[in-house]
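Here's the structure, in structure tokens; my notes come after.
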């Protein structure tokens, strides 16, 4: 009853504020249910760039709300939980990227969207896990710098002819997914397909039937002619997969693959955000104008 009451208040305030609620696939189920749109980083970036609403309430982690603010400076972007950061995004700073570039002069920088606005501003083009291969292939250079995710960089390297020089960052949640977990689960579910996220270690992706972004996982789960899927990504993804495919069995590779930051946003925090119009996320204009080019170039890659 309490949850229904909060959800009703959120829906009312959303109309009053002329707001749209965007949520990442890793958010709590209650947040996904309250959202107008749920998706992966690429889908959310595209949505943020096109929405008519004057207020965007972003339920995710900080870099996602920042990306929305970069793309839509005329809109109010709210983060219900401003402390929700991204450990991988914090593994490289703008200064560190500038030093990295100085050691490899002239090479283009492909920046995973899981990064700060400052790092995006120092990059040539952004990418997400859904379009990383296409983005790298779109560049003329035979060698590219890839930041900050070394495992996504390794995934791209296997699928292109280009030389990838990666920054040694990683996602702690996906790093908890172990190959032996997949091997053990396959013994119990021999008919199951294995789908994993490209932020996983190479020895994990090597055991997968498909390596997919979270948005691609949703599409694959719906169309795949299989009743059992072993899923290697952050545990929040299982909520949407099960909700949209109640006739299928989804087994997490690891219950330890949890992003605590993604779970910080709750219904009461979402309600408070709309009530008080907080917390506004903004990017300094001198950084935004540099970062927006990298993000928009990514969005132009089909």
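Every residue number used here counts from 1 along the chain in the order it is shown.
Backbone N, Cα and C define each Cβ position, glycine as well.
Here Swiss-Prot has 41, 112, 113, 114, 129, 197, 198, 199, 214 binding iminosuccinate, and the candidate from 8, 24, 62 in that same listed site is 24.
Binding of [4Fe-4S] cluster is annotated in Swiss-Prot for 171, 259; the matching candidate from 59, 86 at the same site is 86. Cα to Cα, residue 259 ([4Fe-4S] cluster binding site) and residue 197 (iminosuccinate binding site) are separated by 14 Å.
Comparing the binding-site residues 24, 197 on other C-beta atoms within 10 angstroms of each C-beta gives the minimum for 24. The iminosuccinate-binding residues named in the record, 24, 41, 112, 113, 114, 129, 197, 198, 199, 214, extend over a maximum Cα to Cα distance of 17 Å. Of the listed binding-site residues 86, 171, the Cβ environment within 10 Å is emptiest of other Cβ atoms at 86. Residue 112 (iminosuccinate binding site) sits 12 Å from residue 171 ([4Fe-4S] cluster binding site), taking the CA atoms of both as reference points. Counting in whole angstrom, residue 199 (iminosuccinate binding site) lies 7 from residue 171 ([4Fe-4S] cluster binding site) by their C-alpha atoms. Checking each of the binding-site residues (24, 114, 197) against residue 86 ([4Fe-4S] cluster binding site), the C-alpha distance stays within 10 Å for 114.
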